[in-house]
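> Encoded as structure tokens, here's the structure I'll be asking about.
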Amino acid sequence: MAMSPPACPHRLLPLSLGLFQGALLLFFALFVTYDEPSAQAEDASVVANQLYSIFPLFQDIQVMLVVGLGLLLTFLPRYGLSVLTHNFLLLNFSTQWALVLQGLLHCFHHGQVHLDLRNLLATEFAAVTVLISVGAVLGRTSPCQLLVLAACEVPIYLASEWAIVTRLGVLDVGGTITIHVFSCYFGLGVSKALFGAVRVPVHPKETPTPRSDLMSLVGTLILWVFWPSFVAVLCQPGDAQHRAILNTLLAMSASAMTTVVASSLLERDGKLSPGHLQNGSLAGGVAIGAVANMAMPPVAALTLGSLSAVVCVLGFRFLTPFLARKLLLQDQCGIHNLHGLPGILGTAASAVAILVASEDTSGSQVSPAVGNASEAAWGQWGDSGAGGQALCQVAGLAVAAVGSLVTGLLAGAVLRLPCLARPPERLCLDDSLYFKTMDQAGSRGPGSTPEEGVLALKEQV
């Protein structure tokens, strides 16, 4: 039986956010400034060209995270308002928190944090990891628990990225390892620690409706359209960025086609599963991230997209029920199938691509394009050879998966604190727990009882 939340839990969220925003205002007032404008006309034109090349891609990523990802998670029919709001809230909270940490670690010079668009872009990637991880516990956690999850995950992500990219020299332009694999296993670790060894019963409000599936599919289409910008934004403008965009488009096109084939073949009547379409169509974008800027034939991108869709669909059909039955692992949105399995596949593909490129006698060369860290890693390739770099890719996968799983378990233990007010099971996955809906303002909805209506008003968190 679920424990009752503490007294006045609805005050905890605005108090926490108010204190955080106040502290952030003080930090910005004392330490944050913009980069000084260029004095020379030539320098100013270079800065302007860099801005115009980055900002359109930055806008695409904003649409992906705010609109596309938010709508993708609306497959829960009575939780759409909550998931859109929580997604938006977590994006802003995580971005601001990452700005503070990134500024202190990398941009602190002469007592000031120098802020520019690239810094903000890096913090958005930190926020992405939070938004993905939340998918494992969606609907069964309070907003305060989600904020604590974000506060824990952002610094761990920054440390993991530093270890994988800077220390190990892993090539990962699109975040296959550093973002998708990391966030997947961090979220699964949180879920396992939060729900323990108790089988989470299927909630009657979990079943999608045609309308909620349609909204979720719209989110998939938005993510599908803008995903090449996410992969290519950190590439050096020119051939590497051009190649990243083309490879991503090819991989995602193949994953969309293959998802339809695989989903239809798995159903006895040949009909399509909306859940397969919503996730499998995006699997190619996850897998291609580690190899998107590498010189490889177009057929390799198509093949990787198709394989990623197959493992994603098979994961939903067979692996998720198996993990729930044998390991009692709760994965509400199937993040293991969309981010974990394709991420592992993409890492293996990057190791193979590196080994194959080293034997290419035509002069083609795998080219890193992720900024100074990856350029330095590329410089080290000559010392270790292609085999050494391929091993680094595999080592980066191990660090991301194991490190995030362990730290996720620890963060999930923190979320079990009674003061964070986990919602009662009978009131999970319902907007009425957090919002004043029309049903509450007027008459109760057809699926609610008087007890649920009173509890929903009293136990807002």
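Heads up, the Cβ atoms here are built off N, Cα and C, so glycines get one too.
Grabbed the feature section from TrEMBL, which reads as follows:
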DOMAIN    24-418  domain 'Ammonium transporter AmtB-like'
TRANSMEM  12-34  transmembrane segment
TRANSMEM  54-76  transmembrane segment
TRANSMEM  88-108  transmembrane segment
TRANSMEM  120-139  transmembrane segment
TRANSMEM  146-165  transmembrane segment
TRANSMEM  177-202  transmembrane segment
TRANSMEM  214-233  transmembrane segment
TRANSMEM  245-265  transmembrane segment
TRANSMEM  277-295  transmembrane segment
TRANSMEM  301-319  transmembrane segment
TRANSMEM  340-358  transmembrane segment
TRANSMEM  394-417  transmembrane segment
> Using Cβ atoms and a strict cutoff of less than 8 Å, what residues sit near the transmembrane segment (177-202) while being 6 or more residues removed from its termini?
125, 128-130, 132-137, 140-141, 149, 153, 156-157, 160-161, 164-165, 170, 286, 289-290, 324, 327-332, 335-336, 339-340, 342-344, 346-347, 393, 396-397, 400-413, 415-416, 422, 425
> Could you check if the transmembrane segment (214-233) is in contact with the transmembrane segment (277-295), meaning 3+ Cβ pairs under 8 Å among residue pairs at least 6 apart in sequence?
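These two stretches do touch.
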> In the same chain, who gets a Cβ under 8 Å from the transmembrane segment (120-139) while lying at least 6 residues past its ends?
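Long-range Cβ neighbours of the transmembrane segment (120-139): 54, 58, 61-62, 65, 69, 73, 76, 79, 82-83, 86-87, 90-91, 94-96, 98-99, 102, 145-146, 149-150, 153-154, 157-158, 175, 179-180, 182-184, 186-188, 190-191, 194, 203, 206, 233-234, 330-335, 339, 408, 428-429.
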> On average, what pLDDT score does this prediction assign to the domain 'Ammonium transporter AmtB-like' (24-418)?
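Overall, the domain 'Ammonium transporter AmtB-like' (24-418) comes to a mean pLDDT of 89.
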> Can you tell me which parts of the same chain pack against the transmembrane segment (340-358), counting only residues 6+ beyond its ends and a CB-CB cutoff under 8 A?
171-172, 176-177, 180-181, 184-185, 188, 283-284, 286-291, 294-296, 300, 304, 307-308, 311-312, 315, 319, 364-366, 385-387, 389-391, 393-394, 396-397, 401
> Near the transmembrane segment (245-265), which residues from the same chain, at least 6 beyond its ends, have a CB less than 8 A from one of its CBs?
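Result: 174, 224, 227-228, 231-232, 271-273, 276-277, 280-285, 287-288, 291-293, 296, 298, 301-306, 308-310, 312-314.
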> If we call contact 3 or more Cβ pairs under 8 Å (sequence gap 6 or more), are the transmembrane segment (88-108) and the transmembrane segment (277-295) touching?
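The transmembrane segment (277-295) and the transmembrane segment (88-108): touching, no.
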> Using a Cβ distance cut-off of under 8 Å, indicate which of 54-76, 146-165, 277-295, 301-319 has the most pairs with the transmembrane segment (394-417).
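Answer, by Cβ pair count: 146-165.
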> So if I exclude everything within five residues of the ends of the transmembrane segment (146-165), which remaining residues of that chain have a CB under 8 angstroms from its CBs? That is, six or more out.
13, 16-17, 86, 89-90, 93-94, 97-98, 101-102, 105, 126-127, 129-130, 133-134, 137, 172, 177-178, 182-183, 186, 190, 370, 373-374, 377, 396, 399-400, 403-404, 407, 410-411, 414-415, 420
> Mind checking which residues reach the transmembrane segment (301-319)? Cβ under 8 Å, same chain, six or more beyond either end.
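The answer is 246-248, 250-259, 262-263, 266, 273, 275-276, 279-281, 283-284, 286-288, 291, 334, 336-338, 341-342, 345-346, 349.
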